[in-house]
Amino acid sequence: MAAEEGAMSPTRMLAEGHLRVATGGGAPADGGIAVRHLPHHHPAKKDGVGGKTEQDNHEDVDSLPSQELKKLANGNNKVPGTLDDYKRLVVPIVEEYFSTGDVELAASELKGLGSDQFQHYFVKKLISMAMDRHDKEKEMSSVLLSSLYADLLSSYMISEGFMMLLESVEDLTVDIPDAVDVLAVFIARAVVDEILPPVFLARARALLPEFSKGIQVLQVVEKSYLSAPHHAELVERKWGGSTYFTVEEAKKRIQGILREYIESGDIDEAFRCIRELSLPFFHHEVVKRALTLGMENISSQPLILKLLKEAAAGCLISSNQISKGFSRLAESVDDLSLDIPSAKDLFDKLVSTAISEGWLDSSFSKSAVPEEEMQNTSAEKVKRFKEESGHIIHEYFLSDDVPELIRSLEELSAPEYNSIFLKKLVTLAMDRKNREKEMASVLLSSLSLELFSTDDITKGFIILLQSAEDTALDIVDAPSELALFLARAVIDEVLIPLNLDEISSKLRPNSSGSQTVQMARALLSARHSGERILRCWGGGTGWAVEDAKDKITKLLEEYNTGGDLGEACRCIRDLGMPFFNHEVVKKALVMAMEKQNDAGILALLQECFGEGLVTINQMTKGFARVKEGMDDLILDIPNAREKFEAYVELATGHGWLLPTFTSVP
């Protein structure tokens, strides 16, 4: 089943009227145009990966509740009572879809089945049936999944379906020799279409046997598709499909439509052109660009407001897309102020007008606008700070000199812009290699101790996440990278888990930023999350966590033998991993428990704390980790609990720990 070269793009193709997917490799039946790699940002459902088999689900759910059995939709009285019933009813739906290309009909029939808890099986069946067919059916399957995403299929169900496919690759290869490569394309396409989060790959790898064909699929996805230059276009063209144009071309067309409307005033023609784009999920770009034109040219505002008001009233642009367009403009108001000094006042008036006329929801929050103190400062000063901080960060990436960066940042004397610096740091790092990403996380850990307050860091992440959708246009895997930075900040104790709730409360529901916070929570809740997140980019010197642990063990053993405090502190400093010093504390405490004479080990901890080499946060975390593993320690060291309580008392007395720390597990 060699894949034919063609041109296609992922889209949500449920638009106005009765749409059909092009079944012959040409343009859609309605003349609709698909757009390449546009973020959908559908309402987020619970996201995750599971390893359940079909049999597991059958055992878990023998039958539906009686009220579910009574649900009938669109006159369809075939409601499955068990997974076996669901399997039998799903196959004809897929077959009919392959014959007709009718997305709405497939959606209607699937909705009529009810049985939402079985929908992961629909994903598996659709893909497995398409894998053994021509490129036309493969392309149609990807389009259908993108169309049903969030409206009928949650991200969780899609992830579950793909996980089931990965677990059954061995069986699939019996009938489909190139199943590994074909499934890899489906997964890559789902990631590009943003219906499957990039973090799915890491989660799936953790659940699959090491040498399974499922692991081979994931390797092909990463090496042959997602890491290739222009990978989105490569993946979307793999099976051919409808005519497509790029994001930039879509934006240019929207800009042209709006400029022509301002010149002619022909609102019907503008509506016709917007409809012909067939991009209902990208209408927020129409709103954003229309508002921007209205701010740039005050005389055009009446026409712009009329266009948006009537588009909302006629349901051409949904209320959700209207709000999203306003939110995106709110996020960039600071940058607009550089060219339009009165941008903030103009934007506020547009918001007020839209709400008073009833086409913008009154609950619209300007939380997407950066904090008040940033809005009220000189735009020129903000611009100058961004330029200077950019130079400082680039210099740091070259030198890896944290103290020099801190000195340079102090010289700028602009602590009110600390959150802007954080955004600049993370954004620049995301577009570079793992070395710079690791350096950025290490720097955040250092800045949190030296210059930045938790409030600064929280605000910085809020600004980052509010502009996540725009960032994703330039950095394909921006959501997963931001989730890792956020999770790493929690692991490094730069933030606490409660800060994630605060950050989330400042983001618009169902936005890309809100989904990124959920992704970070999922990373943190996984087993062995600390080690995995610390491994994500390698240590500050490029060591893996296990290598760092070995070095810590050896330096403690050498110190225990030689007793040279200065040399031990130098070795800890040379590790270059201040965020991982809790491991030094943990291993030192365990070693002290094991030795007859533990005074020397405790003296090392006192020296480290006195020099500021190990902070009170890292000290507390090290003690807490020992406390958590106390039950296991007692098996080898019967008096471990008594010794630990004595160490806590000593540490509290010397100020290593806060008095609130409780030693009893």
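Each residue, glycine too, has its Cβ placed from N, Cα and C.
As recorded in TrEMBL, the features of this protein are as follows:
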- 45-61: compositional bias 'Basic and acidic residues' (COMPBIAS)
- 85-206: domain 'MI' (DOMAIN)
- 249-370: domain 'MI' (DOMAIN)
- 384-505: domain 'MI' (DOMAIN)
- 547-665: domain 'MI' (DOMAIN)
- 39-66: region 'Disordered' (REGION)
Maximum Cβ pairs under 8 Å to the domain 'MI' (384-505) among 85-206, 249-370, 547-665 is reached by 547-665
The domain 'MI' (547-665) resolves under DSSP into 89 helix, 0 strand, 30 coil
DSSP puts the residues of the domain 'MI' (249-370) at 98 helix, 0 strand, 24 coil
In this predicted model, the domain 'MI' (547-665) has a mean pLDDT of 84
Secondary structure split (DSSP) over the domain 'MI' (384-505) reads 103 helix, 0 strand, 19 coil
The domain 'MI' (85-206) resolves under DSSP into 99 helix, 3 strand, 20 coil
